[in-house]
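Since the structure comes first, as C-alpha cells, the remarks are kept for the end.
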Amino acid sequence: MAAARPAPLLKDELDIVIPTIRNLEFLEMWRPFFEQYHLIIVQDGDPWKKIKVPDGFDYELYNRNDINRILGPKAACISFKDSACRCFGYLMSKKKYIFTIDDDCFVAKDPSGKAINALEQHIKNLVTPSTPHFFNTLYDPYRDGVDFVRGYPFSLREGVPTAVSHGLWLNIPDYDAPTQLVKPLERNTRYVDAVMTVPKGTLFPMCGMNLAFDRELIGPAMYFGLMGDGHPIGRYDDMWAGWCMKVICDHLGLGVKTGLPYIWHSKASNPFVNLKKEYNGIFWQEKAIPFFQSAVLPKDCNSVEECYLALAGEVKSKLGELDPYFVKLGDAMVTWIEAWDEVNNSLGTKSAKILPNGTSKKA
Ligand SMILES: O=c1ccn([C@@H]2O[C@H](COP(=O)(O)OP(=O)(O)O[C@H]3O[C@@H](CO)[C@H](O)[C@H]3O)[C@@H](O)[C@H]2O)c(=O)[nH]1
Ligand SMILES: [Mn+2]
C-alpha cells in the first residue's frame, strides 16, 4: 500500500489570500502545494462577475458586496480596483499564518530544475527566528548546514520571533513604472540562494505578490491603505503596509526576513497605467520614508494595535501637511483597527462566522 502523504506543514493554521480580477486557472500549477490549504479569495472590481475557481480547492470568496455587507460604513477603508483589497482577506482569516500571492505568479524552478514549494519555504522562514540586531554574514543561521559565524554574540543567538517572510520573483521583477518604461525587456534571471533578516532600523520596499506573515504577531499592521478607485495613488499598497509594519516590528522586537522563496512572475502590468497610479507616490515617498525612519512609537505601546493607532496619529499630523490624502489615510488606519477588532471579536463565537455572499467554500 502506498505510504500516506504527510499532512502539509501548518495545514490548519494557514490561509492563502488571493486578490483577483480574473479566473484562477493559475491555481492548477500550484495544486500540489496549495490543494490542502484553505484559500480566501478577494474578488476586486465588478462583484457580479463570476470568478472561476478550479475544482477541488477549499475556499471562501468575498466580492465587493460581501465587503460592504460585512463591514458596513467601515468598508470604505478597503480599497476598490487595486490589489490593496487583499487585506480584507487578512481581516476575515482566523488562522495564525497568512500567505498572499498574486494570480499571475507561478511555480518557479530552482537552479537544479526542481519546482519551488514557495509556501513551504515561507513557513520555514516564519517558524524560525530572525536576527535584526546583528547581521550574520552567512545569512540565515537557522538553516540546515549554516550557523552563526565567529564574532556573533552568543547573547543574541536566540534571535527574535519572525513576523514577516518576504519572497522574491524570477522573470518579471517588481519594478516601478519609470524603471519598467526604460527597461521593458529586463527579466530577473538571478536566483540568490539566501534568506536574510532586514536589520532593525532599516526600511525596505515590501512587495505583496509573494508574501507571508504571522497574523497573530503582526496582522493588525498589515493594512494595505487607501489605493485605487477614488484615491490619488495606487500600487503603493504593499509599500505603505511594509513601512508601517517594519516600524512596529522594530518597536516590538519582531523580525522580518527577505529572500527565498522565489515565484515566477509571469505578467508585466502596463507601465503607462502604472505611472498614472504611482505618480504621486514617487514624489510622496521622498517625504514618507524620512517620516517612517524618524518615527518613534510611545514606550507604553505594547500591542500592534496600540502602535498602529499611534502611527495613524503621526501620519495625520506629520504627513497631513504634505497632502490632505494622508489625513484620510490616517483616519482609514483607525477604521481598519476598528474593523479588525469588530470582525475578530465577533468571529470569536462560532455562530458569528460571517459567510461570504459570493461563492462559499467547496469541500
Ligand atoms: O484592480 C486590481 C488589479 C489587480 N488586482 C489583483 O492584484 C494582483 C496584482 O495585480 P497585477 O499582477 O496585475 O499587478 P502587478 O503590477 O504585477 O502587481 C504588483 O504591484 C503591486 C500593486 O499593488 C502588487 O501588490 C504587486 O503584486 C493580481 O492578483 C490581480 O488580479 C486586483 O485585485 N485589483
Ligand atoms: Mn503581476
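Every residue, even glycine, has its Cβ placed from backbone N, Cα and C.
Here TrEMBL flags Arg150 as N-linked glycosylation site. The annotation site 'Required for activity' is assigned in TrEMBL to Arg150, Arg157.
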Distance from Arg157 (site 'Required for activity') back to the residue listed as 'N-linked glycosylation site', taken between C-alpha atoms, in Å = 12
Note = recorded positions considered: Arg150, Arg157; fewest surrounding Cβ atoms within 10 Å belongs to Arg150
Key: DSSP three-state assignment for the residue listed as 'N-linked glycosylation site'   = coil
